[in-house]
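Feature annotations, reproduced from TrEMBL:
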- 49: active site (ACT_SITE)
- 52: active site, nucleophile (ACT_SITE)
- 262: active site (ACT_SITE)
- 237: site 'Linear diubiquitin binding' (SITE)
């Protein structure tokens, strides 16, 4: 089995290996890594397919989970796919990961399985008390391709559900976050159906998450995603928060990117930072 999240490595050692030259870009990346190294001791490389933003975020969320988020506890959670499919026929064109011999009508059952798996894994990992055991359980999960990719399908479906809620809120005159206008202002996603066809269906296959979809992921999980964007070092976008006005009680996960396409994860907060 390939591990989707590589073992940890000293952050500055990783940086020296990756950025040797004296080009302006290499110098900026080294400065960026030095700044991250003030807070975190190590880095874990995330497998670079088009799921890496989902993978890095979920891995970080599970690694530090101590309880089941309230939205995962709700009664309605597991019937979400039936509920949405009964209202929106177009969701039948949801692009599930390839399985042989799938019949059209099974989509709701299959997504339900993924949602149940997400709840089950989150619950079991959050109940593990010891940090070493918790880490081992996460590593084990991210070595199991079948389960791991099923979890990404669940996350994508939650993103669709969140997008539908935001779209309807806006149509009904309720206040929505600014990113929601940006999401639906794109020619390729002026409504949730287009968002599904042109964006969500492609995540993991032919494309990753765009910036505005990082906000959608954060809202779907009710987590603040803090990203060190190394190529923006020494600008005010070096540390970007999704959403930028997070809810007080949302937990925070931290990622690192060199280009807004591929994400790795910093681990082991330095002692001073934790105090």
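Cβ coordinates come from backbone N, Cα and C, glycine included.
Whatever TrEMBL says is automated annotation, not expert-curated.
Keep in mind that what you see is a predicted model, and the values were worked out from it rather than measured.
Features as recorded by TrEMBL, highlighted on the structure.
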residue: 49; record: active site; contacts (Cβ under 8 Å, 6+ apart): 204
residue: 52; record: active site, nucleophile; contacts (Cβ under 8 Å, 6+ apart): 46, 208, 262, 263
residue: 237; record: site 'Linear diubiquitin binding'; contacts (Cβ under 8 Å, 6+ apart): 229
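Its own atom aside, the Cβ of residue 262 (active site) has 18 Cβ atoms within 10 angstroms in the protein chains shown.
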